[in-house]
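Okay, so here's the structure we're looking at.
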Amino acid sequence: MAPNIRKSHPLLKIINTSLIDLPAPSNISAWWNFGSLLAMCLMTQIITGLLLATHYTADTTLAFSSVAHTCRNVQYGWLIRNLHANGASFFFICIYLHIGRGLYYGSYLYKETWNTGVILLLTLMATAFVGYVLHEGQMSFWGATVITNLFSAIPYIGQTLVEWAWGGFSVDNPTLTRFFALHFLLPFIIAGITIIHLAFLHESGSNNPLGISSDSDKIPFHPYYSLKDILGLALMITPLLTLALFSPNLLGDPENFTPANPLTTPPHIKPEWYFLFAYAILRSIPNKLGGVLALAASVLILLLIPFLHKSKQRTMTFRPLSQILFWLLAANLLILTWIGSQPVEHPFIIIGQLASFSYFTTILILFPIIGTLENKMLNY
């Protein structure tokens, strides 16, 4: 039999074992599509971002007009920009659903894969933040000022740290230049960490909805899941294109149509929708350092999830009490997202504080208790 180049060539061999002959569980559902969708999002963002960067000027006096120029005068510049801006939203939708899947089906018990995933989330958040600042609109300028200023809450070195990050005493030219450099660099770092994420995943193989070993029943990734992923991709690209072509500014802030003005503050400073849950948690604590710590904890709490797993079963498939708790957590996050977009006044303040409290309580206290309770009910 002639040797198969797919299995013998040093580079094709890696692709083959990762994407073609990879043994995959036969019963993984559409919730397992989001990994490949995230990879497609990353590719789309890098390509559209590169095309935008060729027409962008990282200068406070020119940034806003260079983006306007891209939209008006560059061939399909409006489409590239709309795809890039809304592509970021879809990136976050996919990553939140991907994390939700991991929580529901106990994928976090693959600790290395989970931890690299959390690092990926943090890097993505950093990338989105520095990118949002670049077009120098009113909201993005003030968002950058407020969020970077949070570092001044760090005792002793805080103020020095902020001025070092800004490159001056306010968000100005040096800030924009370094944010552009970071925004260009970080997606490639994300791509690198993604490869590590996959390497760890392929050590153990995919989890499945039953949470049991699937060694006895594996199928090749191609053609089964490659085709399933293409369907998922089509189902994601359709709403992305619909959004980019029909209502590209739906998720943006109207304040960003005004060029940045350091002398006037917008009435309600708020980040993009995908950061609102964390922003609501930040605002719910009436103390700067406390708020910053809660903000950090709201994402870093994911690193504790593997240690809070007390159930003898891996997934929530057959654990109705944990399921109820999971969907309460999901609803809670939606409430936090809504609160983050509202002004700081009654009744939003108290709703935000209650939602923030229940967010941490659910994860840190209720999940382990319910897990233990279910063990007892099932006589484990």
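Each residue, glycine too, has its Cβ placed from N, Cα and C.
Sequence annotations record features per position, and here Swiss-Prot assigns transmembrane segment to 34-54 (among others) based on similarity to another entry.
Sequence-distant neighbours of the transmembrane segment (78-99) (same chain, 6+ residues past either end, Cβ-Cβ under 8 Å): 31, 34-35, 37-38, 41-42, 44-45, 48-49, 51-52, 67, 70-72, 117, 120-121, 124, 128, 131, 236, 239-240, 243-245, 248, 251-252, 272-274, 302. If you look up Swiss-Prot, you'll see 78-99 (among others) marked as transmembrane segment, on the strength of similarity to another entry.
Around the Cβ of HIS183 (heme b b562 binding site), a 10 Å sphere holds 22 further Cβ atoms from the protein chains shown. When secondary structure is read from DSSP and collapsed to three states, HIS183 (heme b b562 binding site) falls in the helix class. Annotated heme b b562 binding site per Swiss-Prot: HIS84, HIS183, in sequence order, evidence recorded as similarity to another entry.
Within 10 Å of the C-beta of HIS197 (heme b b566 binding site) we count 21 further C-beta atoms, all protein chains included. Classification of HIS197 (heme b b566 binding site) by DSSP places it within a helix. If you look up Swiss-Prot, you'll see HIS98, HIS197 marked as heme b b566 binding site, on the strength of similarity to another entry.
According to Swiss-Prot, the transmembrane segment annotation covers 114-134 (among others).
Among the features that Swiss-Prot reports, transmembrane segment is placed at 179-199 (among others), with the record citing similarity to another entry.
Taken from Swiss-Prot, the feature ubiquinone binding site applies to HIS202. For HIS202 (ubiquinone binding site), other Cβ atoms within 10 Å of its Cβ number 14.
Sequence annotations record features per position, and here Swiss-Prot assigns transmembrane segment to 227-247 (among others) based on similarity to another entry.
Residues annotated as transmembrane segment in Swiss-Prot: 289-309 (among others).
The annotation transmembrane segment is assigned in Swiss-Prot to 321-341 (among others) on the grounds of similarity to another entry.
Summarising the annotation, Swiss-Prot assigns transmembrane segment to 348-368 (among others) and lists similarity to another entry as the type of evidence.
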Recorded stretches the transmembrane segment (114-134) and the transmembrane segment (289-309) touching, at least 3 CB pairs under 8 Å: yes
Residue pair HIS183 (heme b b562 binding site), HIS197 (heme b b566 binding site) - Cα distance, angstrom, rounded: 21
Residue pair HIS84 (heme b b562 binding site), HIS98 (heme b b566 binding site) - Cα distance, angstrom, rounded: 21
HIS98 (heme b b566 binding site) and HIS202 (ubiquinone binding site), distance between Cα atoms, whole Å: 17
Beyond the flanks of the transmembrane segment (179-199) by 6 or more, those residues with Cβ under 8 Å of it: 18, 38-39, 42, 45-46, 49, 53, 56, 58, 113, 116-117, 119-120, 123-124, 126-127, 130-131, 133-134, 144
Considering the transmembrane segment (34-54), which listed stretch of 227-247, 289-309, 348-368 counts the most C-beta pairs under 8 Å: 227-247
DSSP three-state assignment for HIS202 (ubiquinone binding site): helix
